[in-house]
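According to TrEMBL, the protein has these features:
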DOMAIN    49-476  domain 'Peptidase A1'
ACT_SITE  D67  active site
DISULFID  C80-C99  disulfide bond
DISULFID  C251-C255  disulfide bond
ACT_SITE  D260  active site
DOMAIN    285-325  domain 'Saposin B-type'
DOMAIN    349-390  domain 'Saposin B-type'
Amino acid sequence: MDENSRLAARLAEKEGKPLVAGKYGLRGGLDNGDETDIISLKNYMNAQYFGEIGMGTPPQKFTVIFDSGSSNLWVPSSKCYFSVGIKSRGLLIGFVLACRFLAFSIRDIRKSADIHYGTGSISGFFSQDHVTVGDLVVKDQIFIEATREPSITFLVAKFDGILGLGFKEISVGDAVPVWYNMVNQGLVKEPVFSFWFNRHADEGEGGEIIFGGVDSKHFKGKHTYVPVTQKGYWQFNMGDVYIGNQSTGFCSGGCAAIADSGTSLVAGPTTIIAEINQKIGASGVVSQECKAVVVQYGQQILDMLLSETQPAKICSQIGLCTFDGTHGVGGGIESVVNDDRDLSAGLQSDAMCTSCEMAVVWMQNQLKQNETQDRILNYINELCERLPSPMGESSVDCASLGSMPSVSFTIGGKSFELTPEQYILKVGEGAEAQCISGFTALDVPPPRGPLWILGDVFMGAYHTVFDYGNLRVGFAEAA
């Protein structure tokens, strides 16, 4: 089960009341005149945002996630027998698409859709009919009727399907995305859509997505725009990440980032997430490999950094990694390939390599701050204890929010700060309240990575504009 599903399950245990699907509504205050379409979103505990669309002729209502991190439209098929949808991305997957046994009167193309992922696969087929999104009717939209997902899955999500708003380059079956058809059929005045997420789950409207413009009521100042660097996801270049006023160093040379409305948290490299967890007191998994690297090789790594050994080659020189020119590779990989009996040794060696590479980055950053060697080694050991659970969230003490640092992202030369109140998800009230870190680990190797996924935690703090016409993404303080 993916991060969003586990988080939703945890929240559902605390929240017993049923949710009514969001209704459409048009209102004033838009920057682009009347030719815009506003969809009201429902907010489920700051972990899921969803709204209604109509499918088929006559239209039937479905609740969907409007997902900028995928490109297909998925809904349950009338022919489904146990249907669960997985997010079409290859990054964070596992969204629920519950079987509803609704009948369509649609044109059935009968081209099968069978997509495999690391955690399961979706089976279904392509169909075509009109799709109603607010006041807009998108004609002859190709979508997927999901019929089956055989893996053990999680059925607590509050939505039926997913409406992808990514680029066609990642569309399964080369299906033209709904957004493309909105533009091509002249349904919107401007080729722009924008998101506002209300992070106060118990106060009024949950949020809104606007097709064709932006709503000036929901942001302050001007948007900072950055160009899309790779079509597929809404991907752009991002600079350094700061914890408080201190640079983490890992992205000082630049990282890639994705603005993703379909992901609940902010996902980033384990190296930085561990530092954030240490600073905010999050409880993660104790990594024995990481602590072993510090004990056995910590001083050697420090000495090599002080002697100005090229940092990228340190782990290979001390024998923990096999360096391939761009990134460390676990020394045990070759034995894993050649001899299945050595699998455990290979995995352990790979973990030691990863731990070494993280330690090098951490130590580099501490040396720049003129810390003593003893303090550096103690600090690195603490970071090992704060390594996040693989595929899991980290808990924090709700009483400590006032002492936690801010976390800032450099985008377009500007700093975008998240305060503890913005990056911590609080579940429940009083003595039973639980607080969850809004950061989770995701390691994507070069050349595509290091990669950040700026999900709802970030987009809740910053109103986001997806400018398809100019291939850029814009962020402004949400209001």
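Just so you know, glycine gets a Cβ as well, placed from its N, Cα and C.
Just so you know, TrEMBL annotations never went through curation; they're auto-generated.
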Rounded to an integer, what is the Cα-Cα distance in Å between C255 (disulfide bond) and D67 (active site)?
-> 22
Among the active-site residues D67, D260, whose Cβ has the fewest other Cβ atoms within 10 Å?
-> D67
Tell me the residue counts in helix, strand and coil for the domain 'Saposin B-type' (285-325), as DSSP assigns them.
-> 26 helix, 3 strand, 12 coil
Would you count the other C-beta atoms found within 10 angstroms of the C-beta of C251 (disulfide bond) for me?
-> 24
What average pLDDT is reported by the model for the domain 'Peptidase A1' (49-476)?
-> 81
Sorry to bug you, but what's the C-alpha spacing from D260 (active site) to D67 (active site), rounded to the closest Å?
-> 7
Distance [Cα-Cα, Å, rounded] between C251 (disulfide bond) and D260 (active site) | 19
